[in-house]
Amino acid sequence: MAGPSLRPHVHWAQRHRELYLRVELSDVQNPDITITDNVLYFKAQGHGAKGDNIYEFQIEFLEPVEPKPRYKVTQRQLNITVQKKESSWWERLTRQEKRPLFLAPDFDRWLDESDAEMELREKEEEKMNKMKIESRVPKDPFKHLKKGYLIMYNLVQFLGFSWIFVNMTVRLFILGKDSFYDTFHTIADMMYFCQTLALMEILNSLIGLVRSPLIPAVIQVFGRNFILFVVLGSLEEMQSKAVVFFIFYFWSIIELFRYPYYMLSCIGIEWKPLTWLRYTSWIPLYPLGCLAEAVCIVQSIPIFSETGKFSLALPNPLNVTIQFSFLLQVYLIALFLGLFVNFRHLYKQRRKHLGPKKRKMK
C-alpha cells in the first residue's frame, strides 16, 4: 500500500489581482500544475525537505481564479502566479478555514491590504502619467515618409556596393591579378554613384533624421570622396594602379554589413549575426582600407609634384607656389587622425551593442 504523498513547503502572498506561490523545491523536473474547479493541483520531481522525491499538493482557493496559472522554475525554487477572476483582497488563501501545515505566508512579498492598495494606486498613477507624457509628445506626421526614405536609401546603397563587390570578386576569379589594373575603368561609375549618394548621410545627421554623430560621417564621406574624385578621378596615371582594387574592395565589404543593418533597424528588426558583423568587421577592414588609401596618396604625390596639378601660385610680391603634393602630405596625417576618431566612435558603438548586458535588480 502506497504511503502518504510528500508535500513541499509552500509560501504565499497576494495582491488585489494576483496570488503568488513559492514552492520550496530545488532542481524541479517535469512539473505538472493545473487548476480544475478552482483547485490547484501540483506534482513534480524535485529536491525538498525529504530529499529527492516526487512532491505534490492541492489547494482549493477561497474565491474564483483563472484556470491558467503561470509558473517559473529556478534552480532553488518554483514560483507560481495565479490570476484572480475579480480584483479583491482575500482574508485567507484557502476555502478551508484552517491553514494547511505545508502552507505559510511569504514575508518577502507580504503586504497588508492598505499597503497593497497604495502600491496599486502608485502603479495606476504611473500608468496615467506615462499616458499623459506620451499624449504631450507631438506626433510626427512625416514619420512613415522618413522611415520609407531611410529604408530606400540603405537598400539602394546596399545593392550598389553589392554589385561592386560581386563584380570585383568574379573578375578576380576569372582574370586573377590582371583584374587589379582595370578596376577603376570597370567599377568607377558605380562607385561614383554610391559615394555621391553617401553625401546624404551627412545631411541626414545634420537635420536629425538619424541619431548618428555628424563628425564621423563627415570624416568618412569626405575622406572617401577626396580619394575617389580628387586623387583617382583627376589622375589617369593612378587609375591603372593595383591599389585601386584594394581601396574599392575594402570599402564595399564594409558596406555589405553596414547598410543592411541600418535598413533592418528602420523596421525594428535585429538579426544578431548581422549586428555582430556590423560592429566587428570594421576592426580589420578600417585599418586595411586606411592603409590602402595612404598607399594611394603616397603613389600620387610624385605625379602631382611633376604635373603641378591643383598647385596654387600666389601673386607677386610673394611669388610663392603652394604645391598640392605638400597638402597631400598634410592630408596623410589627417587620414590617420580621422581613423582614430572613427575607431573611437565605433568602439563605443560596439560596446553598446555587443558588450555584456547589465542585469536588472529584482
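Glycine residues also receive a Cβ, built from the backbone N, Cα and C atoms like all the rest.
Here the structure is a predicted model, which means the values were calculated and not measured.
Quick look at what TrEMBL lists:
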DOMAIN    5-94  domain 'CS'
TRANSMEM  149-170  transmembrane segment
TRANSMEM  217-235  transmembrane segment
TRANSMEM  241-261  transmembrane segment
TRANSMEM  324-343  transmembrane segment
Contact set, same chain, for the transmembrane segment (324-343): CB under 8 Å, 6 or more residues outside the stretch: 215-216, 219-220, 223, 226, 231, 286-287, 290, 293-294, 297-298, 300-302, 304-305, 308-312
Segment confidence, the domain 'CS' (5-94), expressed as mean pLDDT: 91
Helix, strand and coil counts within the domain 'CS' (5-94) (DSSP): 0 helix, 57 strand, 33 coil
